[in-house]
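Per Swiss-Prot, transmembrane segment is recorded for 8-28, 32-52, 66-86, 94-114, 158-178, 383-403, 406-426, 447-467, 475-495, 540-560. Per Swiss-Prot, the feature domain 'RCK C-terminal 1' maps to 200-288. Sequence annotations record features per position, and here Swiss-Prot assigns domain 'RCK C-terminal 2' to 292-373.
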């Protein structure tokens, strides 16, 4: 039995799609030195190669892929988008505007200089910025621009071609820039990180090990009674002195949860909760030969929960003002926009921040009710909310505007992005609404992106050989310029106009480029996760601005003559 693989793939779009995805994901695991190719590049390369052999895919699959991707980007950005935009993000907003705006203007200038069409120019901008949202926004606006079908087909092919030719250039150049640009300026990144840490009281030990609190029980002897000197628990401030707090007391066989007015007496049995190192540092009067093992006394359910900041009495307050330890709770992590932040008493809490807190289940529940809610650990996605907001996004995208003889629509990309932001924002404020497990969100986002990249490559593959010969050298130059010059402009603006701390500035620059690999290099250079504060500040805004840049470049292009 003979099987013609080419005919088999051409006759089955679904089979072709998953063959491209599987081969591309395998290729993406390869490394060039310390740089991994990545899934996007792997799928793009494989799809380009198969596209050269005249394999093609249904455009509906491509459209669905980018719709899912851009919607999920909005859902991720939603919890912090409005707080950054309206309150704390003036510097971060300005940095993102400078980065995206300068890249847009440079791309427009180079496109006119080299005589390219809008497809090549927008594709070059998207690839150089390693930004799929630019590609998505430009492609969607082109489809709704009302230009002739033959011109539209050529522009969309060139859009994919420009992106394919410059993506790797943009990625590698930014990674190299992230490694060497900090060394070209006069301030050491590690020193800058330490400086901001001292100013804000940050915990600079980013690699500290996080332990869960444990419970141990001790019998009160004469030494401990003498140590307390008749003071009640509130006056003693045991947590401040030992790092542990008294959760339970057994007195005369009666088990009770003490309040601040309780005074320790001879023969009491007390249950102390604290980190292992805090137990090890206890004064000998607590533990020398007096530890007890009592099932009832030690029967406590220590839990670790992720608490989402929501309530108005917590939003805008500093972490220290929550006084978690006074309520018998221990803070393990602070997460903002999927980025782990330094545990900093002076960090101002934003709506949607996630605090990982450990302690007795009842105490954790109490503190969660006070500052927000416990993140739902269900693995069930609220598909109704997902579908409803997806529909809303598509309806927003149908809105069109007419200017003289030129019409353009908001487009599916911008509409879905806005709808996703609203879903993410509402989810951060309403615990029972719109829940999407992070794993499910990542899977849908990644799958949508990979489907889109496969469609882009198969569409552009047939013309890539001619494109390389005609504009390959120009694309190389333009890709480097658009990738690096906006970074330099952004650095100069942040350093000398905004006068930002360099560790925060470099983190914010990488956030404005939405490039996680480059962010890791900056953190390694600073030997701190302080730059993550800046990265989180610009990342959500930049995702939105980059999508709008893809739309704007198509709208502006006809007016340049």
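A Cβ is built for glycine as well, from the same backbone N, Cα and C atoms used for every other residue.
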- Note on the structure: Taken over the domain 'RCK C-terminal 2' (292-373), the predicted model's pLDDT averages 83
- Task: May I ask for the residues of the chain that lie six or more residues beyond the transmembrane segment (8-28) and have a Cβ under 8 Å from a Cβ within it?
- Result: 36-47, 50, 55-58, 61, 450-451, 453-454, 457-458
- May I ask whether the transmembrane segment (540-560) has at least three C-beta pairs under 8 Å with the transmembrane segment (158-178), counting pairs 6 or more apart in sequence? no
- Where, among 32-52, 94-114, 475-495, do we find the most CB pairs under 8 A to the transmembrane segment (540-560)? 94-114
- Query: Do you know the DSSP helix, strand and coil residue counts for the domain 'RCK C-terminal 2' (292-373)?
  - Reply: 22 helix, 32 strand, 28 coil
- Query: Near the transmembrane segment (475-495), which same-chain residues lie under 8 Å Cβ to Cβ, leaving out any that are not at least 6 residues past its ends?
  - Reply: 91, 94-95, 98-100, 102-103, 106-107, 110, 114, 124-125, 127-130, 162, 165-166, 169-170, 173-174, 177, 181, 185, 502, 505-506, 508-509, 512-513
- Per DSSP, what is the residue tally for the domain 'RCK C-terminal 1' (200-288) in helix, strand and coil? 26 helix, 24 strand, 39 coil
